[in-house]
Structures are given as structure tokens and as C-alpha cells.
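Trainee: Please find one structure pasted underneath; my questions will follow.
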């Protein structure tokens, strides 16, 4: 099993390029099964979750060719079953539920897996698809759905679920009639999915707002499309520059989508400039404490909570983090504490009192973003940090140690 060995204390300096967005690429890949002609996707990151999705789509009947960041998907005879051995490793697999029902009128999908960061229930997906005419049973760990034809309707989501909005957006694009999604998630990745579907011939209005109108069409065509940059990877690199008191130009970085993150970093005393080719982070001497509450977009993203907590751990003063999106998303706290961080938990709130320095230690990643926070802490720590379970990191970061080493980090990957 791979592990990362990080020698901390080196300020980062140089230019790092942001990869394509994992959270946009996954639903777009899955939506491609609705196309009746070849789909070509560019800027697709080379990640473990992408490879899992490709395997799943091949089992469902698609032919896929991949060359680095380009994927060509050719539709075939679509199958309706998503097997446990793939779905159990990646939560986004549940996104095949809506499109399979929309195109085939039936679906058999194993209950999903992925990061262990709380219940993350799929009941909102199921309730909404039932309102569109689907019926579901649960048998032997599989969710089995069937319908004559999904029909457009008015759906109010009790919570602006990202996965639920994506599932319904894809399914409604070839449903019969108009679907209105109210209280829809507004994340940029959903906008990217909508733009892809529109490029394939879907009729969608209001994407990027909390009310989306989808007029179903009989079928979707193929298209050529480029995946948006990964705002969470960009935010992670911003944090890497600040935590090492380094100087980075983050190329291909979406400024508008990062405003909630950038505003918090500026409150911490970090100097950030918008440049034509990306975002510049200047060296800093002292980090200030701040308070963060995770919210759906355009609020501060839960996927950056662990990373900013690593930064807070060496900031002057006491910071707080309120996690409102997922339960059990503080599993990185005890690992940061092993490195000397002073963090106290009170329910869904973490109180972080900054320390003078972190110290290298053996730590273990528990999920994707927790693993990123440990890498960041390791970059800043005095001494050697060893991170086990790097497969979590590989689910969402493309060549992270290579990118960081290229700007001055000292990270070695070993297999034991």
C-alpha cells in the first residue's frame, strides 16, 4: 500500500497548474450514457474515481478510449445494472440511477460507498424520482427502480443536494415534459453539467440559480466538451502556498468560483491577486485566526474545511469551524493533533487554537479531503510526516506530489 513521506519546512515557489474538476467530470461522464453518438471530453483528470467510473460505464455498455486528459465515449447497448464491486468504492455511482431510468425504464444499482463522512443519504434522489413516476424496492443491498416513462414535474428539494440535483438534471433532460427543480444546488460543477447537456441538445434554463427548468427532449446527441478547472484543487494549492509561507501562481484557476475561499484567506492576512493567467499568492509572515461555517455554494465549501483547518492550526489566535453539510467530517482532527495541532471538538464545531509550529508524525488519511489537510500540515511541519492510506488522496488529486515537488516541496511516494 502506498504512503507519502513529506519533509516539511520548504516554502513553495513557482507556478502550479490546476487540473480538470473531478466533481464536474464524474456527472458529465455518467450523463454521456444518454447520448446517441460519440462524446469527446477534454481536461478530464487522471484520478482513481475517474478510472472507477470508466469501468462502470464499460459494464453498462459503453466503449471508452482514453489518452491522458481526453476521453472518447461511444454508446452501445445500455445495460441496467450497476454492480456492487464498483459502486461500493465511489458514492457518485448513484448518479447512474436517474439516467438509466430515463433511458431504459429500469435500473438496479448497488447502494453506494465512497468517503466515510456521514450518512449522506440518497433519499432525496429517490423521493424526487418517485415524483417523476419511478417505483423503488431495496433487495439484497441493491436499489431496484422501474418506470414506464419518467415524466416532468415540479420538484422542491428539501435540501440543495448536489448529487440529487445532478441526478435529476440528467434524468429530466430526456423525460417527458417539463421538470422544474426548486431549491436546486448552485455549485459551479452543476453549471458545467448543464452546459454539457445543452451542448448535447438538452433544453435547460436557470442553471446556476436555485430554480432550474428542464424541457425534456426525445434523445441527446454527442458533443465535444472541455471540463472546467477544479476549484477544490485550486483552493488546496492556495492553502499550500499560505501554510508554507510561500509564493505561488496558480494557473488555470477559476477566481469567481473561489470567492468564498479567497475572502476567508484574506481575513487571515493572506495577500491574493487575480492575474490574467490565474491567481497569485504572496509570501506572508503571520497568519490570523478566522471563523468558517460551511455552506452550499456560494458559501464556503465543505470540501475545503479540512484544508483550512490545517492552516488555522498555525494561525495566531483562536479560529472556529462549523460544519453544517456533513456529519462526522472531523476525522482529520485527531491526526492533526498527532502533529501538535490544538483542536477541540464541540458537536459540529471545531475550536482551533493556533500553535507556533506543527511537528512531523506518522498519520493516517480517513477520506479524500482529510488526506489533503494532512499533506498541507506535513508541508508546514518541522521534520518528517508519513501519511498512510494515500488511495484516498488519489481519488481526487491528480499527481499531487509531482505538482508540489515541482514548486519546492519534498514528498516521496513509497509502496510497502
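Just so you know, glycine gets a Cβ as well, placed from its N, Cα and C.
The phosphoenolpyruvate binding site feature in Swiss-Prot is assigned to 22, 23; the stated evidence is sequence analysis. As annotated by Swiss-Prot, UDP-N-acetyl-alpha-D-glucosamine binding site applies to 91, 120, 121, 122, 123, 124, 303, 325, with the evidence given as sequence analysis. If you look up Swiss-Prot, you'll see 115 marked as 2-(S-cysteinyl)pyruvic acid O-phosphothioketal. Annotation source Swiss-Prot lists active site, proton donor at 115.
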Trainee: Hey, does DSSP put residue 124 (UDP-N-acetyl-alpha-D-glucosamine binding site) in a helix, a strand, or just coil?
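Mentor: Once the DSSP labels are grouped into three classes, residue 124 (UDP-N-acetyl-alpha-D-glucosamine binding site) ends up as helix.
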Trainee: Can you tell which of 22, 91 has the least company, meaning the fewest other C-beta atoms within 10 angstroms of its C-beta, among these binding-site residues?
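Mentor: With the binding-site residues 22, 91, fewest surrounding Cβ atoms within 10 Å: 91.
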Trainee: Using a 10 Å cut-off, grab the number of neighbouring Cβ atoms around the Cβ of residue 303 (UDP-N-acetyl-alpha-D-glucosamine binding site), all chains included.
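Mentor: Result for residue 303 (UDP-N-acetyl-alpha-D-glucosamine binding site): 22 neighbouring Cβ atoms inside 10 Å.
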Trainee: What is the separation, in Å, between the Cα atoms of residue 23 (phosphoenolpyruvate binding site) and residue 325 (UDP-N-acetyl-alpha-D-glucosamine binding site)?
Mentor: 16
Trainee: Near residue 124 (UDP-N-acetyl-alpha-D-glucosamine binding site), which residues of its chain come within a Cβ-Cβ distance under 8 Å, counting only those 6 or more away in sequence?
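Mentor: For residue 124 (UDP-N-acetyl-alpha-D-glucosamine binding site), the qualifying residues are 157, 158, 159, 161, 164.
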Trainee: Where does residue 325 (UDP-N-acetyl-alpha-D-glucosamine binding site) sit in the DSSP three-state scheme?
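Mentor: Its secondary structure by DSSP: coil.
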Trainee: For residue 22 (phosphoenolpyruvate binding site) and residue 91 (UDP-N-acetyl-alpha-D-glucosamine binding site), determine the Cα separation and express it in whole Å.
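Mentor: Just about 13 Å between their Cα atoms.
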Trainee: Quick one: give me the count of other CB atoms within 10 A of the CB of residue 123 (UDP-N-acetyl-alpha-D-glucosamine binding site).
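Mentor: There are 11 of them.
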Trainee: Per DSSP, residue 23 (phosphoenolpyruvate binding site) is which: helix, strand or coil?
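Mentor: In the DSSP reduction, residue 23 (phosphoenolpyruvate binding site) maps to helix.
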Trainee: Fewest other C-beta atoms within 10 angstroms of its own C-beta: which of the binding-site residues 23, 122 fits that?
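Mentor: Candidates: the binding-site residues 23, 122. Fewest Cβ atoms within 10 Å: 122.
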